[in-house]
Amino acid sequence: MKSYLVGGAVRDALLGQPAGDCDWVVVGADPAHMKSLGFKPVGRDFPVFLHPKTGEEFALARTERKNGHGYRGFIVNADPTVTLEQDLQRRDFTINAIARDQTNSTLIDPYGGVNDLEQRVLRHISPAFAEDPLRVLRAARFMARLAPLGFSIAPETLAMMRQMVANGELNSLIPERIWKELSRSLAYTQPAAFLHTLRTVNALEVVLPELNALYGVPQHADYHPEIDTGLHQELVSDIAAKLAPGDMLIGFAALCHDLGKALTPRATWPHHPMHEQRGMAPTQQLSERLKVPRDYQQLALIACREHLNVHRLSKLHDHTVYELLQRCDAFRRPERIAQLAIVCEADYRGRYGHEDANYPQGQHLCRLHAAALAVNARDLNRQDLHGTQIGEALAQARIRAISSAGVYDGGTGTNF
């Protein structure tokens, strides 16, 4: 029995990146032997064990053979005779098929992963890559993380991904798996690379048709020098990741904010009146299909509906600002206003030439919200108030607080 460190921990160490969890592969053992050493079995589909002291995952070396459609149809062989090289061959990309012998720090790299790391190439290991459609989304997710380091996908890997899409392999993916890859990509520094990669291999229209529909829809060049709405969406996603690193909730809201532009009648192009209202239905549809968590869905709908109001905040009456806060449920969920402000700033800055622009509307919205939030029912003279009168008096007090919080000379945001 011998164990090797494999996968992401080895890859990230070679890239000089912070390593995540350590995963190990065990050669020459069977489940009974692992249990006798105190390892706890946790794998459902194949033999995986937790180390009795460290809690790290140790998986028996295995091979996988396709015997059905989709990503679930595999026969797993975890016999003790399976070699390390055979186990590494079943993995997706060469950079993930590097093992380290911790006893002497020797790298085992049978498929050229070290060279691909040096060349900044994401390359599949074997034709078996095409047997698992989830790997198309994994490739896109890896690009969201690795593109800032200069990585690109090998041409032959892109060709295989396109063929997988053309063969209908991605139609078997369940919504939960799509959401898992999408949400993880939103936690990385360049989520636009996820969208760009999927679109390059014609997969975006299969798994995220609402987003794919944005590409080719023009915006007014005076306000959007990038013109294409899909490109604007990519820019917004990357700015959101910069403003709120690792925040998938904000990332998803930013992703959905302009979905309504895909539904604008062509006769009104490149203008998009009412796109915030039109975007509510596709945002709801996308969220429900992918079974997105409720808090993600709610913030996405808020961002879709309210982003133009935040852009033109200086033009809104005090009572209109209060109504905006109420629609956001901002007095019970105060965190939503700061989140909305970040999404709106990402939208404003997600345009060619505006990436570093100042966005005072966001700070001002938070300031108005804080002023209104500081007023509560206990502050009222309730001696002569009854029933709904209390709520009405509280609303008026909060509107006065908003009025007293000051104004600023902001933009109108009308043409966003």
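From the backbone N, Cα and C atoms, a Cβ is placed for every residue, glycine too.
Annotated in Swiss-Prot:
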BINDING   G8, R11, R91, R138, R141  ATP binding site
BINDING   G8, R11, R91, R138, R141  CTP binding site
BINDING   D21, D23  Mg(2+) binding site
DOMAIN    229-331  domain 'HD'
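Of the chain residues outside the CTP site list G8, R11, R91, R138, R141, G7, D92, F93, I95, N96, F142 have their Cβ within 8 Å of the site's Cβ mean position.
Largest Cα-to-Cα span within the ATP-binding set G8, R11, R91, R138, R141: 16 Å. The DSSP secondary structure for R138 (ATP binding site) is helix.
The most densely surrounded of the binding-site residues D21, D23 is D23 (count of other Cβ atoms within 10 A of its Cβ).
You'll find the Cα of G8 (ATP binding site) roughly 8 Å from the Cα of D23 (Mg(2+) binding site). Within its own chain, R141 (ATP binding site) has E181, R184, S185, Y188, F194 as residues 6 or more apart in sequence whose C-beta sits under 8 angstroms from its own.
For D21 (Mg(2+) binding site) paired with R11 (ATP binding site), the C-alpha to C-alpha distance reads 12 Å.
Counted within 10 Å of its Cβ, the other Cβ atoms near R91 (ATP binding site) come to 22, all protein chains included. A gap of 18 Å separates the Cα atoms of R138 (ATP binding site) and D23 (Mg(2+) binding site). Here the C-alpha separation of R11 (ATP binding site) and D23 (Mg(2+) binding site) works out to 12 Å. Just so you know, of the binding-site residues R11, R138, the Cβ with the fewest other Cβ atoms around it within 10 Å is the one at R138.
DSSP assigns D23 (Mg(2+) binding site) to a strand.
Around the Cβ of G8 (ATP binding site), a 10 Å sphere holds 15 further Cβ atoms from the protein chains shown.
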